[in-house]
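According to Swiss-Prot:
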SITE      Arg60  site 'Interaction with substrate rRNA'
SITE      Asp62  site 'Stabilizes Arg-60'
SITE      Arg101  site 'Interaction with substrate rRNA'
SITE      Arg104  site 'Interaction with substrate rRNA'
SITE      Arg108  site 'Interaction with substrate rRNA'
BINDING   Gly178, Gly183, Ile196, Tyr197, Lys198, Glu199, Pro200, Leu201  S-adenosyl-L-methionine binding site
Amino acid sequence: MLHLIIADSELELVPKELQNHPSIISHAKRRFKKPEEILLDSTYHHTALKSLKDGERRGRPDIVHLCLINALESILNKEGKLRVYVHTRNNEVIYIKPETRLPRNYNRFVGLMESLFKNRVIPKDLALLRIENKTLSEIIGDIGPDAVFIMHENGVLMSPQSFGRKLNEYISPAVIVGGFPHGDFLSVLEGEKISIYKEPLMAWSVVNEVLINYEGSLLW
C-alpha cells in the first residue's frame, strides 16, 4: 500500500487579512458568496496576493486538483493499492476515500472544496471527503509507514524506474509531494529526499511518475 501525501498544499479559504481587498470582494459577489467562503485563487486574486510576503506561492488549488485527478484515476488506486491525503499550509488534512470521483471541471472542484471547508465532511452519509486539523508529522504518525520519501529537487537523484523499484521494497511506504508551485516545504520533514529528474518538476508530473513506476514494479 502506497500512501501519497500532497503536503503544504496552497489550498485555503481567503485569509482574514485579504477579505476586504477589492478583487476578493468583487470575485465573491460574482459567485454570490461571502469573501471568507471562497478559495484563495491566484488566477482571480493576484493583486490581493501581492500584499502577502509569500503571496507568490499561495492560492493554487489547481495544483491539488491536478494531483488528485491523476492519483485517483491511476491503476494503482483502482487496484486498491493507494491512499491519498492532502495536507494544507494551515495544517489541515483532507482524507479521501479511494472510490471518490472528483469533478474534472476545475470550477466544480473549487465549489466542492469550499463546501468541504465549511461542512468538514462530504457527503455526510458516505464521508468520501473529510477534513481535520492535523500537522504533517501527525499524519505520518497516524499512517505508520515503514519508509518516508520526500520528493525534493535537492534529493538523491535516481531514475523514476529505480525509485519505483525502491518503493516496492517496502510494505507501506509514504511519498510526500509538495502541493505548491515553487520554493520549499513549510513543514519540518523527516525522511529520505529523492529527486527523479535533473530539473524541478510540477507536482502533478511527480505524482504521475511515482505512481506509474511503482505500478510497474508492483503489479506487472
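A Cβ is built for glycine as well, from the same backbone N, Cα and C atoms used for every other residue.
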Query: What does DSSP assign Arg108 (site 'Interaction with substrate rRNA'), in three states?
result: helix
Message: Within a 10 Å radius around the Cβ, which one of these recorded positions has the most neighbouring Cβ atoms: Asp62, Glu199?
response: Asp62
Statement: Comparing local Cβ density (other Cβ atoms within 10 Å) for the recorded positions Arg60, Arg101, Arg104, Lys198 points to Arg60
Listed in sequence order, residues with CB under 8 A of Tyr197 (S-adenosyl-L-methionine binding site) and six or more positions away: Pro160, Glu209
Query: Roughly how many angstrom lie between the C-alpha atoms of Arg60 (site 'Interaction with substrate rRNA') and Lys198 (S-adenosyl-L-methionine binding site)?
result: 24
Cβ-based isolation winner (fewest other Cβ atoms within 10 Å) among the binding-site residues Ile196, Leu201: Leu201
Cβ neighbour count within 10 Å of Arg108 (site 'Interaction with substrate rRNA'): 12
- prompt: How many angstrom lie between the most widely spaced Cα atoms of the S-adenosyl-L-methionine binders Gly178, Gly183, Ile196, Tyr197, Lys198, Glu199, Pro200, Leu201?
  reply: 17
Alpha-carbon spacing, Arg108 (site 'Interaction with substrate rRNA') to Leu201 (S-adenosyl-L-methionine binding site), which is rounded to whole Å: 26
Field: Between Arg101 (site 'Interaction with substrate rRNA') and Glu199 (S-adenosyl-L-methionine binding site): CA-CA distance (Å)
entry: 32
Query: Roughly how many angstrom lie between the C-alpha atoms of Ile196 (S-adenosyl-L-methionine binding site) and Asp62 (site 'Stabilizes Arg-60')?
result: 22
Message: For a quick check of understanding: among the binding-site residues Gly178, Gly183, Pro200, which residue's Cβ has the most other Cβ atoms within 10 Å?
response: Gly178
Task: Specify the nearest of the binding-site residues Gly183, Pro200, Leu201 to Arg101 (site 'Interaction with substrate rRNA'), where nearness means the distance between Cα atoms.
output: Leu201
